[in-house]
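Asker: According to Swiss-Prot, the protein has these features:
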- Gln163, Lys337, Arg366, Ser367, Lys388: (2R)-2-phosphoglycerate binding site (BINDING)
- Glu205: active site, proton donor (ACT_SITE)
- Asp242, Glu285, Asp312: Mg(2+) binding site (BINDING)
- Lys337: active site, proton acceptor (ACT_SITE)
Amino acid sequence: MTAIVDIIGREILDSRGNPTVEVDVVLEDGAVGRAAVPSGASTGAHEAVELRDGDKERYFGKGVLKAVEAVNGEIFDALGGMDAEQQVQIDEIMIGLDGTPNKSRLGANAILGVSLAVAKAAAESFDMPLYRYVGGTSARTLPVPMMNIINGGVHADNPIDFQEFMIMPIGAPSFSEALRMGAEVFHTLKKSLHDEGHNTNVGDEGGFAPNLKSADEALTYIMRAIEKAGYKPGEDIALALDPASSEFFKNGSYVYEGEKKARNIDAQAKYLAELVGRYPIVSIEDGMAEDDFEGWKQVTELIGDKCQLVGDDLFVTNVERLSDGIKNGRANSILIKVNQIGTLTETLAAIEMAYKAGYTAVMSHRSGETEDSTIADLAVASNCGQIKTGSLARADRTAKYNQLLRIEQELGGQAKFAGRAALKAFRYLD
């Protein structure tokens, strides 16, 4: 019934107009699973490798025909006839077939597309939603959204050094209400920026990209927008940051171009602590650079009991890097990006390891996205309680929010919104 009879890869476009891989997996009973693979702009040095063609005459070298060829050729040859419900074995076969530590031969984009499409095909065959197929009967927690409403760094053409300024509606009673609260703040912020002469065009992830010079200036605008929308900062809606510090860590210092200032490792950790003291910031992602292990240890000791410290480039959804971080006291949370590691099995293993260590997990999109909403289902399947999938603009972002609305409606009275409990491990929310 669930035997794989065909795997079809193709080249499609992501939200930035760059090629990416989409895969259909067809089963013997006619069930079809489809998955499209995202792509990042600020990528960690230790991520699994997405395979690009390198042909400068085509998409400036960013084509993915080699990855598509791997899907339609080697990977299908290896997986044809297998049962789609054998997810772990299927993923292990693809990892072995690739034969490299970072999936660089076949491409993580090829392998992930197949891995996710297999799971979706199996779910379709069993007539189950993906979140239920992957997560079982306990999958019913709707995540708190981290909504990226001001963009900076490599996600926007402006002077702000930090990459993302986010709001988290922790005080909402349901996911649908959290979405409404976030949308109201988003539109209030847009009006405030417009009225003060700022550009209200949006960046890669749907947030505004005004010409502000510092994190303080961006946070002040957001605080005012929360209040103008009728909410209490820190009680109804909290703040979250993604500095993406690896992008501006140079020769042992954090170089703030917008502020025309450099901070050493000690100063960077103290600066983040100061921001947490001045604003209701409950989560900071990549506050230190990916290989600044001493900096990570410092900031974790300094504010780890007051703030969720999320490792993205630090961990790259990799159990080996996560295990090392846990042993050495780096961070207290992991960002989960399926394309950083390249298979569903490895993604779920990273989440499980985080949970066992008392770390939180945040399901995440990439800046180059598609209409694929798989991560919405995976957030519910894993009961991770938090999702980061952009702003309240651009269909590639709202596709995930809309899928979560559907899931909440489908679950009905069984649905549970994570709310403040998503961050219950940290005393500032007790």
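Using N, Cα and C of the backbone, Cβ positions are placed for all residues, glycine too.
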Asker: Can you figure out which of Lys337, Ser367, Lys388 (the binding-site residues) comes closest in space to Asp242 (Mg(2+) binding site), comparing Cα atoms?
Answerer: Lys388
Asker: In whole Å, note down how far the CA of Asp312 (Mg(2+) binding site) lies from the CA of Lys388 ((2R)-2-phosphoglycerate binding site).
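Answerer: So the alpha carbons of Lys388 ((2R)-2-phosphoglycerate binding site) and Asp312 (Mg(2+) binding site) sit roughly 12 Å from each other.
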Asker: So of all those recorded positions, Glu205, Glu285, Asp312, which one's Cα sits nearest to Ser367 ((2R)-2-phosphoglycerate binding site)?
Answerer: Glu205
Asker: Write out the long-range same-chain contacts of Lys337 ((2R)-2-phosphoglycerate binding site), meaning residues 6 or more apart in sequence whose Cβ is under 8 Å from its Cβ.
Answerer: Pro38, Gly40, Asp312, Val316, Thr317, Ser364, His365, Arg366
Asker: What are the other residues, in sequence order, whose C-beta lies within 8 angstroms of the center of the C-beta atoms of Asp242, Glu285, Asp312 at the Mg(2+) site?
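Answerer: Leaving out the recorded residues gives Gln163, Glu164, Leu241, Pro243, Ala244, Ile284, Asp286, Val310, Asp313, Leu335, Lys388.
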Asker: Sorry to bug you, but what's the C-alpha spacing from Glu285 (Mg(2+) binding site) to Gln163 ((2R)-2-phosphoglycerate binding site), rounded to the closest Å?
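Answerer: Spelling it out, the Cα of Gln163 ((2R)-2-phosphoglycerate binding site) and the Cα of Glu285 (Mg(2+) binding site) are 10 Å apart.
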Asker: Just to verify a number: CA distance, Glu205 (active site, proton donor) to Glu285 (Mg(2+) binding site), in angstrom, no decimals.
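Answerer: Computed Cα spacing between Glu205 (active site, proton donor) and Glu285 (Mg(2+) binding site) is 16 Å.
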Asker: When you measure from the Cβ of Arg366 ((2R)-2-phosphoglycerate binding site), how many other Cβ atoms are you left with inside 10 Å?
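Answerer: Summing over all protein chains shown, Arg366 ((2R)-2-phosphoglycerate binding site) has 25 other Cβ atoms within 10 Å.
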Asker: Could you say which of the binding-site residues Gln163, Ser367 has its Cβ with the most other Cβ atoms inside 10 Å?
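Answerer: Answer returned by the neighbour count: Gln163.
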Asker: Where does Asp242 (Mg(2+) binding site) sit in DSSP terms: helix, strand, or coil?
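Answerer: Assignment for Asp242 (Mg(2+) binding site) reads strand.
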